[in-house]
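Student: Feature table excerpt (TrEMBL):
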type	residues	note
DOMAIN	50-85	domain 'EF-hand'
DOMAIN	86-121	domain 'EF-hand'
DOMAIN	140-175	domain 'EF-hand'
DOMAIN	178-213	domain 'EF-hand'
Amino acid sequence: MFYCCNSPNKYKRLDAKLERKMVEAKKGSSGDHNFKSINSIIMKFPQLRDSLKNIRAVFEQYDEDSNGTIDHEELKKCLQKLQLHLTEEEVEDLFHSCDIDGHEGIQFNEFIVLLCLIYLLKGPSSSNTMSRLGSPQLEATFDTVIEVFLFLDKNGNGKLNKNDMVKALNDASPQEKSPSHISRTRFEEMDWDRNGQVSFREFLFAFIKWVGIDTDEEMSLTGG
């Protein structure tokens, strides 16, 4: 069992914005990608894990009461200090869509997702977003994560379906096709509202688990 969302229809507004951004990114790509196969993505896991773990220092800085979560007020202060100019509606949407356990607090893995969503929504040139986090590599890391999603989004509609996932897992090495239950399991880990489609937000939560943010072991996309 992975994450679950208590109200699958509650965050359609945010997911619709993300979907449009992904469609734009797919159309704007030249067709030349760093990733040609799932294996080329897996090879990046250690580098991605190390870069994302560096966000912990930022998280701890704004977790003022050191309780392991960033509450609504702490998040507002964080965004203000980082000079990320979001509307109240955007802050509410981001907070509640990333607080997936409904505990009124953003945990570390949720904070990573939140920053990546802001990066995608606001764009890399908007207010010099990522450089304010003191990590020039973070922008490149988030770009890589976005590119993984675009690689999996075979039809370019800004969301993933099961056919996308199976095609991505099997196309590169047809002689070594993943068992159908592996493809199904990986997809179900992303599709927590069980609607047959995976938004970028849902993908992010699963992907950082695969990379191994919560543990020191990354999980293979093509195995257990």
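For all residues, glycine too, the Cβ spot is worked out from N, Cα and C.
Keep in mind that TrEMBL annotations are predicted by a computer and have not been checked by a curator.
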Student: What else in the chain is close to the domain 'EF-hand' (140-175), if you only count residues 6 or more beyond its ends and a Cβ gap under 8 Å?
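Tutor: Answer is 18-23, 25-27, 29, 33-39, 41, 44, 48, 51-52, 115-116, 119-120, 124, 130, 182-184, 186-187, 190, 196-200, 203-204, 207, 221-222.
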Student: Counting by DSSP, what is the helix, strand and coil composition of the domain 'EF-hand' (178-213)?
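Tutor: Breakdown, helix to coil: 23 helix, 2 strand, 11 coil.
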